[in-house]
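Reviewing the structure listed below.
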Amino acid sequence: MVQIFRPGADTIARIVLFAIPTVPVLAVGFAYSLWHSPYATAQDVTREQPVPFSHEHHVGGLGIDCRYCHTSVEKAAFAGLPPTQTCMSCHSQIWTNAPMLAPVRASLAEDRPIEWQRVHNLPGYVYFNHSVHVAKGVGCTTCHGPVQTMKLIRQAAPLTMGWCLDCHRNPAPSLRPHEAVFDVDWQPPENQAEVGARLAKERHIASPQRLSECSICHR
Amino acid sequence: MSARQHHKWIAPKRLGYAEISAAVSDPIQRGGPGRAWFIALLGILPLVLATFIAVGAVLTVGIGLSGVNTTVVWGFSIANYVWWIGIGNAGTLISSMLLLTRQGWRASINRFAEAMTLFAAAIAGIFPVIHLGRPLYAYWLAPYPNTMELWPQWRSALVWDFWAIASYILFSLIFWFTGLLPDLATMRDRAQTRTGQVVYGALALGWRGSARHWAVYETFHKTMAALAVPLVCSVHSIVGLDFAASLMPGWQESIFPPYFVVGAMYSGFAMVVMLAIVIRWGLSLQSMITPAHFDAMAKVMLFASIVMTFSYATEWFMAWYGGEHADRTVIGYFFTGDYRWLYFSLLFCNCLVPQLLWFRAVRLNLWLLAAIAIVINLGMWLERILIVWNTLSHGYAISLWRTYHVSLYDVVILIAPLGLFVLGFLVLARILPIVSMHEVRQLAHREGAAA
């Protein structure tokens, strides 16, 4: 009887048999890596802005407080973007003819807000409130990274739900004394575990029971 | 035993190995589909199309197409799911339990019974998904690594269902393929075309029929069969737990898991009987599927019918004996409520009609047997829909009592998937041996028909 298959067919059969269990696992692993990568999360991506506003210069260099521009961060869900008038509180006096600031002057003259490109964008079904995080002692740089070093602002954290939960399930390492919340140079002390646990208790932060409930963020 | 029949499980006096192979594989490899096949295909195509339209509609429009309301939140989808998975239960049951108990006669029916399991379980899997409301998130039932750092809710019966069905389908597929291996080699060796040789040859995984092959095969197949037994029980027990793990009167009964397993065996055997009758006629397999087969299967159905009747009676008794007001009210609602005529039909179909099977003449009359099998499957579907409707329509909160109103979509997803089921068999009958050739050869040898 004539052979149906050549000897090489055995190798193909072995490869196929090996692939049946391994390929699905690898495919899931690949999909997960992709979904976790900056390609999907937009982490560390800088966006082109109408004016190349530098946090490095204004925060790191000049030492302007976060709240000078983001005025509602202690009181509202949205931290607030400054109106053109806030920029002009200085730039009506200094760098008044800088070409880089032309869009800012045009914005004031035409009474039209500058269209900043949003960098930190949460889905609509996520309820996020800046004020409660500030009130409970989560510092700006904990989530936004070292903004005092960023020439253009970028998303320092992945902003995935898993990243939110990392802190909601274990907030102690991220809690600061109230006076340090807006301190961009704050570093956790040696005994942060102890301090954080005490702060969590004092501030009635019920984690993980309460903070990992679905309805905390999905209302 | 009739005059024509010389052996119990093999009809003709002599049925050689080659004749068995020819009888099963020649219609596929040497004959065309035939007129009956085409008529059947044309007949079921509208149903197949209707299934796709109905599923497409519910995926685009939403669950509002179904007759469910805020009280009766489960409906046809759930009943159909339980019904199909029940049918899917019998194939592996026949293969594994009958193999382990050395019931040689299973050889003639196990192959298509296993195929029935695969098709029915796959169809059953559609229903929970289209009932989800948010079917696009069906994959959330699987514990895959994700950026949300979330696991499925292990306390949810839906997740148990996912594991029960997924492992059952996967296992049934491997088990079915294992049994198919020697037959695929036969198909390869008898193939008329190069394509046939290559396709069957590749699927046969190099089977040569050596003594060592058979020894390994027998060990593996029996081990698989032993593994199948707990799976057969678990899959429908889990379906029972979907109800029993709730707090609803009429559902939270510890009898549910075993009662569901027996119910599954009951409707599954009824479906196997139907298939056996049709396949025996369609493929002219009178030599291998004998009246004794139908006699044996009818006895299993009779036994299951008695157990089901006993289970219903236990349900009534426990409601009375337990003394819980809501339970008693629901049982009262069975007999006097909005769906009472359906409940009486259920008792008629599942408990009364199958008692005819006590008579040998009925067991050997294929027309009557087919009618009884249909009645049983109808009764078993009624049982499932009534489990859903009775409890949900008559729960704890009197202000919420409400009945179900059947929609057109409900009717379509009840009837149309039958077309899908038949389509599966029509395709299968044209490409793979629908009866296990190597096991029938063994049977013929044991019966003394091959010598």
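One-based numbering along the chain as shown.
Here the Cβ of each residue, glycine as well, is placed from N, Cα and C on the backbone.
The transmembrane segment annotation in TrEMBL covers B:37-61 (among others).
Residues or ranges marked as transmembrane segment in TrEMBL: B:81-100 (among others). Away from its own ends, the transmembrane segment (B:81-100) comes close to residues 106, 109-110, 113-121, 123-124, 127-128, 131, 165, 168, 171-172, 175, 179, 221-222, 224-226, 228-229, 231-232, 235-236, 239, 260-261, 263-269, 271-272, 377, 380-381, 384, 387, 417 of its chain (Cβ-Cβ under 8 Å, at least six residues beyond either end).
Same-chain residues lying 6+ beyond the ends of the transmembrane segment (B:112-137) with a Cβ under 8 Å from its Cβ atoms: 55, 58-59, 62-63, 66, 74, 77-78, 80-81, 83-85, 87-92, 94-95, 158, 161-162, 165, 168-169, 172-173, 175-176, 179, 268, 271-272, 275-276, 279, 413, 417, 420-421, 424-425, 428, 434-435. Taken from TrEMBL, the feature transmembrane segment covers B:112-137 (among others).
Residues or ranges marked as transmembrane segment in TrEMBL: B:157-181 (among others).
Within its own chain, the transmembrane segment (B:225-247) has Cβ neighbours under 8 Å at 78, 81-82, 85-86, 88-89, 92-93, 95-97, 99-100, 157-158, 160-161, 163-165, 167-168, 171, 175, 253-254, 256-261, 263-264, 387, 391, counting only residues six or more beyond its boundaries. The transmembrane segment annotation in TrEMBL covers B:225-247 (among others).
When Cβ-Cβ distances below 8 Å are used as the criterion, the transmembrane segment (B:259-279) is approached by residues 82-83, 85-91, 93-94, 109, 112-113, 116, 120, 232-233, 236-237, 239-240, 285, 289, 293-294, 297-298, 300-301, 304-305, 307-308, 311, 314-315, 350, 366, 369-370, 372-374, 376-377, 380, 383, 425, 429, 434-435 of the same chain, each at least six residues removed from its ends. If you look up TrEMBL, you'll see B:259-279 (among others) marked as transmembrane segment.
Annotated transmembrane segment per TrEMBL: B:300-321 (among others), in sequence order.
Panel annotation: around the transmembrane segment (B:341-359), residues 266, 298-299, 301-302, 305, 308-309, 312, 334-335, 368, 372, 375-376, 378-380, 382-383, 385-386, 390 of the same chain, lying at least six beyond its termini, place a Cβ under 8 Å from a Cβ of the stretch. Annotation source TrEMBL lists transmembrane segment at B:341-359 (among others).
If you look up TrEMBL, you'll see B:366-387 (among others) marked as transmembrane segment.
The list of residues near the transmembrane segment (B:407-432) in space but at least 6 beyond its ends in sequence, with Cβ under 8 angstroms from a Cβ of it, reads 27-28, 33, 37, 40-41, 44-48, 50-51, 53-55, 57-58, 65-67, 75-77, 80, 84, 112, 115-116, 118-120, 123, 126-127, 130, 180, 183-184, 187, 275, 279, 282-283, 381. The transmembrane segment annotation in TrEMBL covers B:407-432 (among others).
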Chain residues outside the transmembrane segment (B:300-321) and at least six past its termini with a C-beta under 8 angstroms from it: 250, 253, 255, 258-259, 262-263, 265-266, 269-270, 273, 327-328, 330-331, 347, 350-351, 354-355, 357-358, 372-373, 376
